[in-house]
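Engineer: Marked as compositional bias 'Gly residues' by Swiss-Prot: 1-15. Taken from Swiss-Prot, the feature disulfide bond covers Cys471-Cys497, Cys475-Cys486, Cys477-Cys501, and the record attributes it to sequence analysis. The annotation N-linked glycosylation site is assigned in Swiss-Prot to Asn153, Asn169, Asn381, Asn457, Asn502, Asn505, Asn519. What Swiss-Prot lists as N-acetylmethionine is Met1. Residues annotated as region 'Disordered' in Swiss-Prot: 1-25. Sequence annotations record features per position, and here Swiss-Prot assigns topological domain 'Cytoplasmic' to 1-40, 101-106, 204-222, 287-344, 411-414, 563-571, 649-705 based on sequence analysis. Residues or ranges marked as topological domain 'Extracellular' in Swiss-Prot (evidence: sequence analysis): 61-79, 132-174, 244-261, 367-386, 439-539, 598-630. Marked as transmembrane segment by Swiss-Prot on the basis of sequence analysis: 41-60, 80-100, 107-131, 175-203, 223-243, 262-286, 345-366, 387-410, 415-438, 540-562, 572-597, 631-648.
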Amino acid sequence: MQGKKPGGSSGGGRSGELQGDEAQRNKKKKKKVSCFSNIKIFLVSECALMLAQGTVGAYLVSVLTTLERRFNLQSADVGVIASSFEIGNLALILFVSYFGARGHRPRLIGCGGIVMALGALLSALPEFLTHQYKYEAGEIRWGAEGRDVCATNGSSSDEGPDPDLICRNRTATNMMYLLLIGAQVLLGIGATPVQPLGVSYIDDHVRRKDSSLYIGILFTMLVFGPACGFILGSFCTKIYVDAVFIDTSNLDITPDDPRWIGAWWGGFLLCGALLFFSSLLMFGFPQSLPPHSDPGMESEQAMLPEREYERPKPSNGVLRHPLEPDSSASCFQQLRVIPKVTKHLLSNPVFTCIVLAACMEIAVVAGFAAFLGKYLEQQFNLTTSSANQLLGMTAIPCACLGIFLGGLLVKKLSLSALGAIRMAMLVNLVSTACYVSFLFLGCDTGPVAGVTVRYGNNSARGSALDPYSPCNNNCECQTDSFTPVCGADGITYLSACFAGCNSTNLTGCACLTTVPPENASVVPGKCPSPGCQEAFLTFLCVMCVCSLIGAMAQTPSVIILIRTVSPELKSYALGVLFLLLRLLGFIPPPLIFGAGIDSTCLFWSTFCGEQGACVLYDNVVYRYLYVSIAIALKSFAFILYTTTWQCLRKNYKRYIKNHEGGLSTSEFFASTLTLDNLGRDPVPAHQTHRTKFIYNLEDHEWCENMESVL
């Protein structure tokens, strides 16, 4: 006994020393773990970056008309600026998504954010490289109080600058225009890695059942960005464009004056700063987060085997993926694989259908929402600022809430692939019904002198309509601008000049022949339509419901997509998704909606002898065509959702689900399905408290294409 004590004591001492050393090493490891090893911190950083991205994109839209007036641009030029972002994004998205999955994703995202910040700063640069704005040269014919009135006997023929000079300036090549295009291309290039790499990074480091919630939060912030962008645009355009260079107290115009140009450049500087600082956070995250980096995750994972989170995910649960990039291959060889990988993804009917369905859903948003402000102005006689303010405070926040609720429902209900696609189908049907109701919510154009009715309120059609009448022939009225006025006779006139008003107080209007001369006056704005206010309130409520419900389909669609490809192709699959979203969902729809809206025009403005913008629409035809295009796209999306559901459903042999939710990918392939036990009975009953199903593979390609059907 005594002989053993020294040995035992020595052994115990060595054991204690080893345990002490191990404890010290563990303490050092714990001390080395930083906040950047937490996926939730990455989520916050990614949300900040996507919020800034959404803000700068919407801000550009909010100041497009300001840019048009500031740099004498035409509408086609402004359209090119708006589409330059997508061009820059399309140029690199496939390459970044493919090679980025093998690189340091957080750093690539951070680099993209810095490039976006540079693009935002360059967007503001034209204001500092050009001359100061001279609003006296901004208009050709305006009265002393900024109103277009009848000018008889050439009383204002010598007012203002030479019209020919203004026309030449407006059509001249503008280097600032090219700089704006280059800045937007940079913004598009910088945005390339943010979404696909960010989504795949989050999905790789959270539990399967939590992935939908995290991704839902991510896209909620992306959609919330436009609300911030519109609000920022409303604020900046109320500040004079050269406020930092001149004393604004000497200005004799206000933001309500059509000659006013706001400080459009200020928002780009603010967005650039936000993009830069949110990008810096990305450089602190590791290439791959350590397991159990979140202390609160262990208790949540207790119901699942711990080994699921300690070992790497299999490529497809059966074999190494044949298209997995080989790190030893040269860059040229890897580039040659990209077409094969793309073909491989598109040969998966589930992947293809869900991507096309997402494109149709985004097409509705990109087309319908792009002209929604204009639609509210035309249908319900709202001002531009009021329309943008309502959109920023109602429809966009509801869409944000819908995306978040969609991700939350997928998580709480533990929806499988079939459950998620059923949810998308149901959401699509309800939102389509909301769009159908829009067909009946609107206002008529009303009587407009010389356009829908003759002067004197006599109905007429076709060639009998002419805005020029004997009562205003000598007024030299121009159609380069649209400043409608409502006459005491209840008829809308294109301007006070077309109403024959010879005074800036809008009295003595010769064309109001149905009222006594002393009452022949007009007030600014269109004449109100009966019942329009009630229709607008109903439209606003239905729009909120439609935005809320329609947005709930986004997260289930993304979840289905990333579950139908192998993990090593996840980032590239998301890149293909965002590529097709831009090719099919963002670029064509505004052109289609815009062409359809232009076809309903009743009266076009003219500038410098050329056709300008439409100033008056047939509201009924406008409403039917505008809403019908959206309904057609939503219906096509429903057909694609149904096809996806059929592709999944016909390949199930058995689907059994209990109360505890989803079976992880590794558990599914490791415990219930391999190439050796295909056709055999599933794992015995000791595998309880899990979602179980046997997936009836039609061929080996389905095994490679479908990582899981959770």
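A Cβ is built for glycine as well, from the same backbone N, Cα and C atoms used for every other residue.
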Engineer: Which one of the glycosylation sites (Asn381, Asn502, Asn505) has its C-beta surrounded by the most other C-beta atoms within 10 angstroms?
Structural biologist: Asn381
Engineer: Looking only at DSSP and grouping its letters into three states, which state does Cys475 (disulfide bond) belong to?
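Structural biologist: In three-state terms, Cys475 (disulfide bond) counts as helix.
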Engineer: Which has the fewest other CB atoms in a 10 Å radius around its CB: Cys471, Cys475, Cys477, Cys501, the listed disulfide-bonded residues?
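Structural biologist: Result for the disulfide-bonded residues Cys471, Cys475, Cys477, Cys501: minimum number of other Cβ atoms within 10 Å at Cys471.
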Engineer: Could you state the whole-number distance in Å separating the C-alpha atoms of Cys497 (disulfide bond) and Cys486 (disulfide bond)?
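Structural biologist: So the Cα of Cys486 (disulfide bond) lies 12 Å away from that of Cys497 (disulfide bond).
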Engineer: Report the listed stretch (262-286, 415-438, 572-597) having the maximum count of Cβ pairs within less than 8 Å of the transmembrane segment (80-100).
Structural biologist: 572-597
Engineer: Would the transmembrane segment (223-243) and the transmembrane segment (345-366) count as touching if the test is at least 3 Cβ pairs under 8 Å, pairs 6 or more apart?
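Structural biologist: They do not touch: fewer than three Cβ pairs between the two stretches lie under 8 Å.
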Engineer: Quick check on the topological domain 'Cytoplasmic' (101-106): DSSP residue counts for helix, strand, coil, in that order please.
Structural biologist: 2 helix, 0 strand, 4 coil
Engineer: Let me spell it out: for each of the disulfide-bonded residues (Cys486, Cys497), count the other Cβ atoms within 10 Å of that residue's Cβ, using every protein chain shown. Which one has the most?
Structural biologist: Cys497
Engineer: Do any residues, 6 or more residues outside the transmembrane segment (107-131), come within under 8 Å Cβ-to-Cβ of it, and if so which ones?
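Structural biologist: Residues packing against the transmembrane segment (107-131) from afar: 46, 49, 52-53, 56, 60, 70-71, 96, 100, 176, 179-180, 182-194, 197-198, 201, 241, 264-266, 268-269, 271-273, 275-276, 278-283.
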Engineer: Please name which of the recorded positions listed here, Asn381, Cys475, Cys486, is nearest in space to Cys501 (disulfide bond), Cα against Cα.
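Structural biologist: So, spelling it out, the nearest of the recorded positions is Cys475.
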Engineer: Take the C-alpha atoms of Asn502 (N-linked glycosylation site) and Asn381 (N-linked glycosylation site) and report the distance between them in angstrom, rounded.
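Structural biologist: About 26 Å separates the two Cα atoms.
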Engineer: Any idea what the Cα distance is from Asn381 (N-linked glycosylation site) over to Cys486 (disulfide bond), rounded to a whole Å?
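Structural biologist: The Cα atom of Asn381 (N-linked glycosylation site) is 12 Å away from the Cα atom of Cys486 (disulfide bond).
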Engineer: Considering only Cβ pairs under 8 Å, which range in 41-60, 387-410, 631-648 makes the most contacts with the transmembrane segment (540-562)?
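Structural biologist: Checked against 41-60, 387-410, 631-648; highest Cβ contact count belongs to 387-410.
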